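Taken straight from TrEMBL:
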- 34-55: transmembrane segment (TRANSMEM)
- 34-164: domain 'EamA' (DOMAIN)
- 61-81: transmembrane segment (TRANSMEM)
- 93-114: transmembrane segment (TRANSMEM)
- 120-141: transmembrane segment (TRANSMEM)
- 148-165: transmembrane segment (TRANSMEM)
- 171-193: transmembrane segment (TRANSMEM)
- 177-301: domain 'EamA' (DOMAIN)
- 205-227: transmembrane segment (TRANSMEM)
- 287-304: transmembrane segment (TRANSMEM)
Amino acid sequence: MRVGRTVARPACAATIGTMPNFISRLKEGNPRSITAMLLAVMLFSVMDTLIKVLSERYPPIQIAALRGGLSLPLIVLWIHWRGAWPEVMRARWPLHLLRGALVIAMLVLFTVGVRGLPLTHAYTLMFFAPLLITVLAWPVLGEQAPRAHWWAVVGGLAGVLVALRPSAEGFVSWSGLAVLGAAVCYAVSAVVTRLCSRTDSKDSLVLWVMVILTLGAGVLAAPHWLPVQSADLWLWLGLAISGFLGQLAITEAFRHGQASAVAPFEYTALAWSLAIDWMVWRQWPDAFTLLGGAIIVASGLYVLRHEQVHATAEHP
């Protein structure tokens with residue numbers, strides 16, 4: 001699961017819009033940012049694959065603790081190299097603690113879910129999170145969404161129900177509900193991140209969530225901690241490196257490119273999950289997962305396109 005992905009995303013992202021608009025964005029210096037986004041999605045897909053593999057041998061809370069602990073030294077070195085310590089030490093601690101708790105819950109729930117689901121199915125359910133952010137942004141951030149966004153939320157919810165299976169047996173799948181719970185935690189943490197970003201630096205958001213993740217999950221994992229097998233060391237190393245580089249790549253993507261051109265490429269994660277499920281586990285999603293994913297992606301793109309049209313009307 002992508003810890004801190006929302007740190008670099010601007011407050012409001014538009015999407016492709018019409019093809020001429022999309023092409024014009026490509027000519028405005030966005031190829032570098034789009035490449036960075038594609039790289040970030042690939043790296044996060046690798047990270048989630050490693051989480052799924054490790055979930056067969058280690059408790060989810062231990063995976064969360066080591067996910068933070070192994071990435072933390074890399075983040076500290078990055079902040080030190082950039083000389084960003086003065087900005088990092090200014091933090092709104094109550095919000096950071098809440099965000100850290102949400103990230104711990106998100107990672108544990110996602111790990112529980114992905115252990116029993118194909119990666120594609122898990123990603124399909126996780127893509128409902130951006131639509132949940134629309135719901136939460138109104139009461140928490142005061143950002144009132146237009147009617148079109150609420151219709152998209154309803155459409156996305158329909159996609160989730162399809163992906164969970166329109167039957168009693170599928171609907172009570174603990175793995176599916178766990179991933180959906182992770183999506184809720186992700187959405188709430190994204191809104192909290194937005195609140196933090198009004199006063200705290202990006203480096204502060206990245207560092208402290210990893211510190212809280214490492215310490216909080218570490219304490220919870222201690223009673224049932226399993227020794228790390230030497231054969232798994234390369235998996236843990238890959239988990240740390242892919243997560244760290246993925247965060248740098250997504251920050252680069254939104255720093256230099258327009259969100260309207262970059263954001264839609266996050267959905268390429270579904271292509272990666274399809275390929276990984278087939279190559280690693282020889283699994284292929286059924287019609288319900290594919291249909292549900294298509295509905296959720298279409299709902300998300302509809303929201304983004306509506307934002308682009310609205311922005312164009314205000315600033316022709």
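Just so it is clear, glycine is given a Cβ too, placed from its N, Cα and C backbone atoms.
Touching of the transmembrane segment (93-114) and the transmembrane segment (287-304) is ruled out by the presence of fewer than three CB pairs under 8 A, sequence neighbours closer than 6 excluded. Listed by sequence, the residues of this chain that lie at least six past the ends of the transmembrane segment (287-304) yet keep a Cβ under 8 A from its Cβ atoms are 13-16, 118, 120-121, 123-124, 127-128, 130-131, 134, 148-149, 152-153, 155-156, 158-166, 170, 260, 263-264, 267, 270. Beyond the transmembrane segment (148-165), the same-chain residues lying 6 or more positions past its ends with a Cβ under 8 Å from any Cβ of the stretch are 121, 124-125, 128, 131-132, 134-135, 171, 173, 176-177, 180, 288-289, 291-296, 298-300, 302-303, 306. When the stretches 34-55, 120-141, 171-193, 205-227 are ranked by Cβ pairs under 8 Å to the transmembrane segment (61-81), first place goes to 205-227.
The highest tally of CB pairs under 8 A with the transmembrane segment (171-193), across 34-55, 120-141, 205-227, is held by 120-141. In the predicted model, the domain 'EamA' (177-301) shows an average pLDDT of 90.
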